[in-house]
């Protein structure tokens, strides 16, 4: 056991976590040069296309150190985006240490801080690594000072490396062996193993990634899931090198995968404890705290025949992504679907794309909303995650809007732009601290403004240098109203939005204008209106397509032309009474484009 080292690699987006993982695998001979590819751990097509890590991946490597001993390194490559911070905290729960990778050119950024604090809260040993020292813009001395100043950990002798060229990777490995403590646990005690992650395999059933805390897991042994009480037989178990390799047992302190032939999606929940069926442990390990979704949106299959497949797909995906929340929902415009909760907009995009790719579904997404706390005159407090669930205006005492605490790190030359943006988003300044050239800003901004397009706007106003980390702070009373959209006089529930009263007229106007761009012209006029209660605040008309009925009249009397035009008008009127308007997917997401030029 004293030769085992469990650690995670944490960093801000694009600071080189996955590339460093590749180098560690190569140096330790986990894969031959022929099998090696860039970002070998980003196994999903989506991850490779976007160049980001979405799922944490674990690898077991053997490393012979300079002291002649062979160490078993179990490490987990984690995502960097704020939307996937839950993946990071789960990965850290399985480790004794973390490599904090910092780009020697960019320096400390917001996610560096957030992930590092998560690791410190869990009492992990944090080892700073300065990456990308081969870049012309690299300034390791300045960045080491920044780490000490902003993060508050000792970084004078931080290991310097370049994951791209492989320079200094040996030093990183030596540092891991020296600085990260071996796991603690009782090899002779009753079995306790924590499920860090699960996913569904069509042939094997549920595959679970586990960390053995006490005791050992053996092939063909009978085990019990502590949350469900079900007993299973271990069919196969093993480690990732990153190939899936079978072994006969997993001992205390090791990380590996287990297959028990479980077909029920709820059979092996993430955060559950595995113990032996006979003489097992009585107490489960502390699991993970449940995360609350911040953004809700309706997902509906375009074809109603796909509803069953869609439900199964969501079940399998939620097994793999424990932060996804979903419940059935029906809409008059879109039929049956699900109301899904996500951690942020990127998370929502990724889930939708995974559902469409991995399960061949065609989906329509409604505009995302956050959760409002509504105090009603009759039913006490209700939480509203969809505009259609908002009670009638005369039943509402007060609407509480969720406020996010945003920590922004920005170089001082872009400070003015960022403050202007925060004020535009109804933000309140809480704190401002200068660290050399960097400024740490803390703002309280309404969550609805943050999740919509704040991150994109922040990046563009600071040329990509500002970085953001946010979390839910509290609910605050606010003057919110629901803006309904009517098409030819009919309310479309899936298009309603909740917005601040001061912004309602502008938002309504913009929304109607955007919808006009996206709805194709029909044979009759389409009136698009935005309304608050019974008051219409904006209108746009998509003009009808019409045939030139008087083209065949050359000379002759004007009354002949009038007669033909009147006849066409009567036909159009009749058509409008029975005609349906088909809305494309873009029309449902027009709200996302509101305010963008």
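Every residue gets a Cβ built from N, Cα and C, even glycine.
Annotated domain 'tr-type G' per Swiss-Prot: 2-184, in sequence order.
Residues or ranges marked as GTP binding site in Swiss-Prot (evidence: sequence analysis): 14, 15, 16, 17, 18, 19, 131, 132, 133, 134. For the recorded site, residue 18 (GTP binding site), the DSSP three-state label reads helix.
Each of the binding-site residues 18, 131 was assessed for Cβ neighbours inside 10 Å, and the highest tally belongs to 131. Counted over all residue pairs in 14, 15, 16, 17, 18, 19, 131, 132, 133, 134, the record's binders of GTP, the longest Cα to Cα distance measures 17 angstrom. All protein chains considered, the CB of residue 133 (GTP binding site) has 19 other CB atoms within 10 Å.
For the recorded site, residue 133 (GTP binding site), the DSSP three-state label reads coil.
When Cβ neighbours within 10 Å are tallied across all protein chains shown, the highest count among the binding-site residues 14, 16 belongs to 16.
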